[in-house]
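Per Swiss-Prot, the features are:
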BINDING   Thr30, Leu31, Gly32, Pro33, Lys51, Asp87, Gly88, Thr89, Thr90, Thr91, Gly415, Asp495  ATP binding site
Amino acid sequence: MAAKDVKFGNDARVKMLRGVNVLADAVKVTLGPKGRNVVLDKSFGAPTITKDGVSVAREIELEDKFENMGAQMVKEVASKANDAAGDGTTTATVLAQSIITEGLKAVAAGMNPMDLKRGIDKAVVAAVEELKKLSVPCSDSKAIAQVGTISANSDETVGKLIAEAMEKVGKEGVITVEEGTGLQDELDVVEGMQFDRGYLSPYFINKPETGSVELESPFILLADKKISNIREMLPVLEAVAKAGKPLLIIAEDVEGEALATLVVNTMRGIVKVAAVKAPGFGDRRKDMLQDIATLTAGTVISEEIGLELEKATLEDLGQAKRVVINKDTTIIIDGVGDEATIQGRVAQIRQQIEEATSDYDREKLQERVAKLAGGVAVIKVGAATEVEMKEKKARVEDALHATRAAVEEGVVAGGGVALIRVAGKIAALKGDNEDQNVGIKVALRAMEAPLRQIVVNAGEEASVIANQVKAGEGSYGYNAYSEEYGDMIAMGILDPTKVTRSALQYAASVAGLMITTECMVTDLPKADAPDLGAXGGMGG
């Protein structure tokens, strides 16, 4: 076992604070509308330029082991805030740095660290309650655009794109961000249910100019099995041909003579057919087939529930207004499913989301809800160079997380104003003893830090502006972008309540642990043994 280096008391805390400051100082230059960029060196390829706090934090490793421990703990604050709300990482880091710095000063002055922590926790609990009271629901498109704009570092086009996407696919819809091909940002919206499976044979194509299959008001056969024998399908094919409508077959697979016969029927124009594989694998495939059945008012033909393909009738088939299939995707538009049944299915999946333990499962379930309830929007980010593309894509993703958080828990005045108002409201809060009161003061002072940092980054005098904002009330604050005072909500400077709340809670949680640290243990660096020198008589 390697030998350890141990530091106690003030020695340990000073080292830890130095690490905290290195990381926080690198992150906090990005805060606010006039925040600067940070350039990150990569082991290969061009450097990355970012204004995203958590991306900067993740890159930082310090040589000194004790300092690095301090830096890593603050990195945890940024990561946790990012996981919870997808944004607010820089705010969380600034809050943590302030609480740790002020807290360690109090510890050095002889206060009891545990009571300080209790005081800080007490203040944060009260502050979160006040934040909830200040929160305003964020429902209209304009407010959503404003939140997106602020989070994308005052880029209005991004805010508008996100608001437009949310309007089209609903609050539940899936919105994804991809790298575009041109210079302009674009928004693609897919109405209806889309899944990643294309036609099984190019002979089904009936729109050669677009290379796709289009079926108008088709019947939809859903089978949870492989179809290789055409005899199983004859009754359904005959019934569909009589009805004079096209048929879409979604099955585990269609192969051999069954596929060949379908192709021949299509080419001769006897019955218009297209076949695709069912989306997903295993149990997820069964669930997705059931989703499509709900959407199109059909039944999944599955031997598990005693249904056989030979006995299927037109009543078992789903229907939709239109189906478009290309080589990679299938889109079912306007299924005839009953709205109440679809909502019931959505509620059932939501319940599974609540119970899901892994992020992957949760994401897949949310996609299913979106496909049933809203639709899918893709924001394609345009830029002139690869470096700009990466930076912009990260900003758009941040803005998307922020707008989601805003829709979830509402918004408060931005620019650090909400925390100043909250601190004003709980200024009279008292702890059980004097040391707890100092802890409360440490937390209250930290709540000014985000506003001060935004102002510093804008090149103004922090104390003057902080006092002016404190003297105002409600959503009165300082707009660092236009350098004027006014009503932040009216000026469209909004922060999602969830982002501000998460930043404060995670910052206080980690900072409280660091203030109560009394000892730090790390491995001693291994001393490299010197090379063996040349022995006597070995001269060339």
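Each residue, glycine too, has its Cβ placed from N, Cα and C.
Across the residues the record lists as binding ATP (Thr30, Leu31, Gly32, Pro33, Lys51, Asp87, Gly88, Thr89, Thr90, Thr91, Gly415, Asp495), the two Cα atoms farthest apart are 17 Å from each other. In sequence order, Arg36, Asn37, Val38, Thr50, Lys51, Asp52, Gly53, Val56, Thr90 are the residues of the chain that are 6 or more apart from Thr30 (ATP binding site) and have a CB within less than 8 Å of its CB.
Counting other Cβ atoms within 10 Å of each Cβ, the lowest count among the binding-site residues Gly32, Gly88 belongs to Gly32. Counting only residues at least six positions away in the same chain, the Cβ atoms of Gly32, Leu451, Ile454, Gly477, Tyr478, Asn479, Ala480, Met488, Ile493, Asp495 sit under 8 Å from the Cβ of Gly415 (ATP binding site). According to its DSSP assignment, Thr90 (ATP binding site) is helical.
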